[in-house]
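Novice: Just lifted these from Swiss-Prot, have a look:
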{"type": "TRANSMEM", "residues": "32-52", "note": "transmembrane segment"}
{"type": "TRANSMEM", "residues": "53-73", "note": "transmembrane segment"}
{"type": "TRANSMEM", "residues": "98-118", "note": "transmembrane segment"}
{"type": "TRANSMEM", "residues": "120-140", "note": "transmembrane segment"}
{"type": "TRANSMEM", "residues": "153-173", "note": "transmembrane segment"}
{"type": "TRANSMEM", "residues": "180-200", "note": "transmembrane segment"}
{"type": "TRANSMEM", "residues": "226-246", "note": "transmembrane segment"}
{"type": "TRANSMEM", "residues": "251-271", "note": "transmembrane segment"}
{"type": "TRANSMEM", "residues": "280-300", "note": "transmembrane segment"}
Amino acid sequence: MSFVSDSNTAIDQAAISIASPADYLALMKPRVMSLVIFTALTGVLIAPTHVNPIIGFASLLAIAAGAGASGALNMWYDSDIDAIMRRTQKRPIPAGRVARESALAFGMVLALLSVITLGFVANWAAAALLAFTIFFYVVIYTMWLKRSTPQNIVIGGAAGAFPPIVAYLAVAGQVSLPALALFAIIFVWTPPHFWALALVKAGDFERAGIPMLPNVKGPDRTRRDILLYTLLLAPIGMTPYFIGFASPAYGLLSFGLGGVMILHAVRVYLAREGDQANRVAMRMFGFSILYLFLLFAAIVAERILALLPISSATPW
């Protein structure tokens, strides 16, 4: 395995042009940020108390800003390996559009503003958890786990699972079982989702010296672990129905989606070589995104329908 030892001097020297707003938006990882907003919205809607729309909206903005800050700080620290990996070479820092110091300052200021804002508009317990989430993603995952263990995405995946809890805590002032259920779904979903991509991009991770599971333990072990985690994910995806805050319709949907996820995982497990192995892995990667989106979208839809005046049903 190769390890990164070069400095970021060349990257900084290349960032001689004035960065555009689009470059700073790219630093915030907008795709990841949009998923964070969506899962956080779910956390807001499942809260048992009446949510002031202004507080709810401001809390979502603060959480989104915290996610964006995490992305910017991640790109600042990872700019050396981003310059090596094909899938990340066009990011703002390795592409020379944003200097590392600018990305660091942007991320730090945005992180501070997000935490302070959430504290003032919601409560300081939620703000503290948001601060911990940013710290966990940037320091625990990015600076430590990512480059030191093949279990990086297993432990580090907790950072992506915290937003629904932060949002729930912001509007309800406490954390209860429904919020923890959303955390569990995202936490268990993350490893098979990312390992499916890692099977295809193993060469990229190898060049950058990142000890992903396929590079350290081999693709066969990775396929086995993808299947095991998916078998665990399927029933966990149904917990919103089991514990009573989602409807039987959600239960049926999550059961069906879980079955399709298992089918994809079995195909990944059986396809061991060649282009076919890459194709089934990418299909699972793509479907895993749809899986998570549909689960959370179903919960959001049920909650919104329950709030409409034409609905006589109470929230599940």
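Glycine residues also receive a Cβ, built from the backbone N, Cα and C atoms like all the rest.
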Novice: For the transmembrane segment (98-118), could you work out the same-chain residues 6 or more beyond its ends whose Cβ comes under 8 Å from its Cβ atoms?
Specialist: 8, 11-12, 15, 19, 23-24, 27-28, 58-59, 61-63, 65-66, 68-73, 75-76, 79, 92, 126-127, 130-131, 134, 166, 170
Novice: Determine which residues of the chain contact the transmembrane segment (120-140) at the Cβ level, with the cut-off under 8 Å and only residues 6 or more beyond its ends counted.
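Specialist: Here the qualifying positions are 54-55, 58-59, 62-63, 66, 69-70, 73-74, 77, 111, 114, 155-156, 158-160, 162-163, 165-167, 169-171, 173.
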Novice: To the transmembrane segment (53-73), which of 153-173, 180-200, 226-246, 280-300 is linked by the most Cβ pairs under 8 Å?
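Specialist: Ranked by Cβ pairs under 8 Å, first place goes to 153-173.
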Novice: Can you work out whether the transmembrane segment (32-52) touches the transmembrane segment (251-271), with the criterion being 3+ CB pairs under 8 Å where the paired residues are 6 or more apart along the chain?
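Specialist: These two segments do not touch.
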Novice: For the transmembrane segment (280-300), which partner among 153-173, 180-200, 226-246 gives the most CB pairs under 8 Å?
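Specialist: Most Cβ pairs under 8 Å with the transmembrane segment (280-300) come from 180-200.
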